[in-house]
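Down below is the structure, laid out as structure tokens.
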Amino acid sequence: MLIIIRPSGEIALKSPRSRRNFEHTLANNIRSVIKEGKIWRSQGVLFLEVNDDNKNIEELSKVFGIASFSPVMSIKSYNNNLEDIINKAKEVFAEIVKGKIFSVRAKRIGSHNFTSLDVQRKVGEALYPFSRGVNLENPEVEVFIEIRNDVAYFYHKIIKGPKGLPVGVAGKTVVLFSGGIDSPVATWMMMKRGSIPVILNFNLGGSVHRKFVLEELSVLRKWSGGHKLKLFIVNGTDVLIKLSQIEKRNRVVMLKRVMYKVAERLCDKANAKSITTGESLSQVSSQTMTNLYVTEYGIKYPIFRPLIGFDKEEIVELARKIGTYEYSIKLPEYCAISTKARTSVELDEVLKDEENLNIDYEKVLENSEVIEI
């Protein structure tokens with residue numbers, strides 16, 4: 001089976017050097033997902049040749065960096081002869097257009113003694129007797145012929161990919177992963193921009209919390225382009241015991257700040273250059289502008305919040321698409337540790353609490369459980 005893979009449009013806009021790097025990473029990710037076959041680059045697309053019984057082909061729809069792909073039939077060295085293309089088109093498409101209204105779409109790369117319009121007209125005439133008619137605007141079936149120099153490719157399916165950038169081209173980011181609806185979506189969105197997520201989870205719910213986090217990451221692993229996901233599970237109960245020493249209204253923001261501080265140490269350890277969270281502006285009390293400022297104050301790494309402008313309905317819709325929603329919805333909101341959280345915490349208070357608590361963030365990270373998924 002031969003498959004033509006079209007990279008995301010934005011990859012084509014890169015400089016020649018960056019484009020080669022992105023396409024090389026995409027090819028490696030595809031190899032990791034498909035697990036067998038031959039792949040090569042040619043004139044802005046990738047070709048993948050695999051056994052006909054390969055069951056991993058549908059996984060290409062979850063490989064970031066792919067705009068679309070199509071299983072194709074091809075003929076080589078047709079000597080610039082349109083008649084050869086017409087005959088092959090009849091062989092490939094006659095059953096597909098049978099009894100249906102159809103259209104032919106053609107495009108070419110290279111020098112030929114015919115135009116793309118010639119191909120559409122001649123192939124359309126040849127297929128017409130098998131069909132119920134032609135409609136270029138609203139066909140029941142579209143058939144495609146793509147001529148690249150001396151090779152013609154025939155296909156009738158264009159399967160959409162997730163677009164974005166190949167996972168790995170943007171380096172690593174440490175993701176604060178609670179396991180709720182938001183953090184898996186934020187993780188997915190950072191992978192879509194080419195980042196490899198390093199997952200940091202503060203376990204506040206014991207074995208149940210751990211179980212659902214692992215299930216969510218198993219879903220996200222299918223979108224990772226073959227990259228393994230490394231999970232660091234911190235014992236959040238010990239942190240909560242510490243936080244019981246400070247004023248209730250400040251505890252939620254302080255908990256988030258502890259998470260950021262541990263994430264900062266993990267960035268150092270994992271060679272990650274950013275921290276990612278599922279925070280959305282003003283969604284809950286800890287996510288007001290003031291509290292976000294206090295939470296991230298003094299953190300040396302950039303903090304990405306890919307959901308910052310999303311409302312909850314939009315986030316839920318994405319979670320359903322990704323496949324994490326069914327697990328996220330079963331988890332309690334473990335981070336809601338105070339019913340009277342303030343929407344505007346004073347920075348001086350938090351810094352004073354932080355000094356008094358004297359948490360050893362390095363030790364918190366050292367005592368974490370590490371799992372590779």
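Backbone N, Cα and C atoms are what each Cβ position is placed from, and that goes for glycine too.
Some features that Swiss-Prot has for this protein:
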{"type": "DOMAIN", "residues": "54-158", "note": "domain 'THUMP'"}
{"type": "BINDING", "residues": "Leu176, Phe177, Asn201, Phe202, Lys256, Gly278, Gln287", "note": "ATP binding site"}
Of Asn201, Gln287 (the binding-site residues), the residue whose Cβ has the fewest other Cβ atoms within 10 Å: Gln287
DSSP three-state assignment for Gly278 (ATP binding site): coil
Phe177 (ATP binding site), number of other Cβ atoms within 10 Å: 29
Helix, strand and coil residues within the domain 'THUMP' (54-158) as assigned by DSSP: 37 helix, 35 strand, 33 coil
Among Leu176, Phe202, Lys256, Gly278, which are binding-site residues, the residue with the most C-beta atoms within 10 angstroms of its C-beta: Phe202
